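S.K.: If you look up TrEMBL, you'll see 235-418 marked as domain 'Major facilitator superfamily (MFS) profile'. As annotated by TrEMBL, region 'Disordered' applies to 1-26. Taken from TrEMBL, the feature transmembrane segment applies to 37-58, 78-96, 108-126, 132-155, 167-186, 192-213, 234-257, 269-288, 295-317, 323-349, 361-384, 390-410.
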Amino acid sequence: MTELEKSVSEEGANDAIPPSETPAVAQTSFPEGGRDAWLTVAGGWMVVFCSFGAVQSFAVYQDYYTRISLNEHPPSDISWIGSVQVFFLFAGGIVSGKLFDEGYFKHLLAGGSFIYLLSSFLLSLAKPHNFYQNFLAQGVGMGIGMGALLMYSIARVDLIFLPGRHLILALSVGAVCYPIMINHLFNGKTGFAWGVRAVSFLDLGLLLAANAMMRTRLLPRSVKVDWSGIMRDVPYWLCLIGIFLAFWGLYVPIFYIQLYAVKNGASKVLQTYVVAIMNAAGFFGRTVPMYFSDLWGPLIVIIPVTFISGCLAFAFLGARSDAGLIVFAILYGFFSGGLVSVSAPASALFSRNVGEIGTRIGLMCFVASFGLLTGNPISGALLHPPRYTWVQPIIFSGVTVLAGFCLLLLSHINRSKN
């Protein structure tokens, strides 16, 4: 049995693969290890550092825009910036995943880097109280660039390191460094404009290095994706809709935790570091579940991680003291990070051959992106400033994540029967 078949069979996937298709998988060569492979992993790490660092730091922007530079707009309007950004990050997967499967490796990396960096520098030119300049640069432009970059990095490392590949890519500290850096720059002498430029120059260096380091060692494959088979794959679609529902409410605490800390009178130090604390926990949350995902299979891991994330969302209501906020940030950061990271291998698990991996992950990202697009603005509308009634958005978050858990469990049961 090949390494790929062993990976897919963790949860009985071999039963779902017709014997006639098995040789197509077995003939695929994975250039495990070597200098070029490790350079590609390092470059992928840099890309994830930039892209997920920016997404996971939006709580800092949400707080800054709500209280200072866009304070004439309600939180629901401001959250559209981050929601559109993360929408394009995930929705871009349906296009970039297909392009990746067709062999346009370097085009995705170079094009995504250019769009992301251009938009990031344009954000530094946005005028205070000009919503649409921030929206177009940060939400649309940076989001589109991220969509190309992240899919390339995940899928590229998948094709180089089969065992433990997700564990390697999950080790990103950008989500920890960025919020600390941004908070100090925005609220210090540097200010917003040069603070954004400082982050942009850091991204420029990292993405230039990533473009130079990442290699394309596999020849482009001309693979015809079996769309009819994908559309009829009921367990796969149960998994996708479950991820959509989970993502619909998952980012509510992630986007609003700094504003929540400010409005509930947390200490100044905690206001500055609460996002970094959550993302530091997410560092381990993206690592530990990925390790067990490679051992047990991603569906076995994503189900309990989603359930715990939904339960913890309700616990946000009681996190009013500094100690409570710290405990919540650590726990929610860990389990929500695990849910996000395991969602890609969970959707790829249903692939019948290697040529479907990018398409299956891209389709999952596209479906999930609509939950990410609408969930945070809905929660922002439920806040009702200036009173800030936190109960309604937190209930929305918990209920949707738990609904996603139910469908993921149903997907696993349905798949096991087949």
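Note: Cβ is positioned from N, Cα and C throughout, glycine not excepted.
Whatever TrEMBL says is automated annotation, not expert-curated.
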S.K.: Under an 8 Å Cβ to Cβ limit, what residues of the same chain, 6 or more beyond the ends of the transmembrane segment (108-126), are close to it?
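M.R.: Apart from its flanks, the transmembrane segment (108-126) reaches 47, 50-51, 96, 99-100, 133-134, 137-138, 140-142, 144-149, 151-152, 192-194, 196-197, 199-200, 203-204, 207-208, 210-211, 214.
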S.K.: For the transmembrane segment (78-96), could you work out the same-chain residues 6 or more beyond its ends whose Cβ comes under 8 Å from its Cβ atoms?
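M.R.: Apart from its flanks, the transmembrane segment (78-96) reaches 51, 54-55, 58, 61-62, 65-66, 70, 108, 112, 131, 134-135, 138-140, 142-144, 146-148, 150-152, 247, 251, 255, 361-366, 368-370, 372-377, 379-380.
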S.K.: Could you check if the transmembrane segment (323-349) is in contact with the transmembrane segment (37-58), meaning 3+ Cβ pairs under 8 Å among residue pairs at least 6 apart in sequence?
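M.R.: Between the transmembrane segment (323-349) and the transmembrane segment (37-58), contact is absent.
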S.K.: Mind checking which residues of the chain, 6+ beyond the ends of the transmembrane segment (295-317), have their Cβ under 8 Å from one of its Cβ atoms?
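M.R.: Residues packing against the transmembrane segment (295-317) from afar: 10-11, 239, 242, 246, 249-250, 252-253, 260, 289, 328, 331-332, 335-336, 338-339, 342-343, 345-346, 348-349, 390-391, 394-395, 397-399, 401-402, 404-405, 408-409, 411-412, 415.
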S.K.: Across the whole of the domain 'Major facilitator superfamily (MFS) profile' (235-418), what does the mean pLDDT come to? Round it, please.
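M.R.: The answer is 91, the mean pLDDT of the model over that range.
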